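These notes are about the structure you will find just below.
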Amino acid sequence: MIELEKLDFAKSVEGVEAFSTTRGQVDGRNAYSGVNLCDYVGDDALRVLDARLTLAMQLGVDLDDLVMPRQTHSCRVAVIDERFRALDIDEQEAALEGVDALVTRLQGIVIGVNTADCVPIVLVDSQAGIVAVSHAGWRGTVGRIAKAVVEEMCRQGATVDRIQAAMGPSICQDCFEVGDEVVEAFKKAHFNLNDIVVRNPATGKAHIDLRAANRAVLVAAGVPAANIVESQHCSRCEHTSFFSARRLGINSGRTFTGIYRK
């Protein structure tokens, strides 16, 4: 049994579940120790498959109902629909290559992303029956991937002021120290730096609030601020519960954040 961190929306949503996996029992000497569903970060393939099978069984879905992209810090969004489901496995994998967000209205399909400090965002318009998930690292945030997801949801029939968004466990501002080139990227992308950047007085280093930056992107895209909630779990501070590349290194497991219509 995998312990799941339930992600709640600001308003009650019927028939939709959203969650992030936790690592479970951890061997501190092994950066992959615990529950990892990501198959392209160097973990043992059989361990990853076992974790996926366990989660699918726990959620009451088939293994091929777990859909996750091969993320590359892009701003590409894929729609998981009947046409996608009709593709063979190789065609599906090709369609998910270089994708960092998914949208679907299909019931019983668990869409999700894998993160280790980046911000996972789940979104829903329950009236339209549309759910989505995105992976927003600093590059995806600068590229406003959350806006791209909202726009795709609306193309599929969602109404922007009905959309609710919840951010899963991710790195907190205190832990997310960045170089000046990252600050400059946010500046060039016209983010309000006063809202998202602070300097550590002792080191002079910049720290960015990725959650606040993504909240700003969502609000600018038309999602009501009252409809956005953020997990307060920091992946780096709580690296024994959630994977953290900053703490464990890039060769480590990933936290899976998913959403589905029951």
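Placed from the backbone N, Cα and C atoms, the Cβ positions cover glycine too.
Long-range Cβ proximity for M68 (Cu cation 3 binding site), meaning a same-chain Cβ under 8 A and a gap of 6 or more residues, is found for L37, C38, L96, L102, I111, G112, V113, N114, F256, G258. What Swiss-Prot records for N36, Y40, M68, N114 is Cu cation 3 binding site.
Residues annotated as Cu cation 1 binding site in Swiss-Prot, with a curator's inference given as evidence: H73, C75, C118, H135. Listed in sequence order, P69, Q71, H73, D100, A101, V113, N114, T115, C118, V119, P120, I145 are the same-chain residues at least 6 apart in sequence whose CB falls under 8 Å from the CB of H135 (Cu cation 1 binding site).
Annotation for C172 (Cu cation 2 binding site): spatial neighbours D209, R211, C234, R236, C237, criterion Cβ-Cβ under 8 Å with sequence separation of six or more. The annotation Cu cation 2 binding site is assigned in Swiss-Prot to C172, C175, C234, C237.
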Task: Secondary-structure category, per DSSP, in which C175 (Cu cation 2 binding site) falls - done: coil
Task: Around the Cβ of C237 (Cu cation 2 binding site), the count of other Cβ atoms that are within 10 Å - done: 16
Open item on the list: Quiz question: given the binding-site residues C75, C118, C175, C234, which has the greatest number of C-beta atoms lying within 10 angstroms of its own C-beta?
Closed with: C118
- [ ] Specify the secondary structure state of M68 (Cu cation 3 binding site) as given by DSSP, simplified to three classes.
- [x] coil
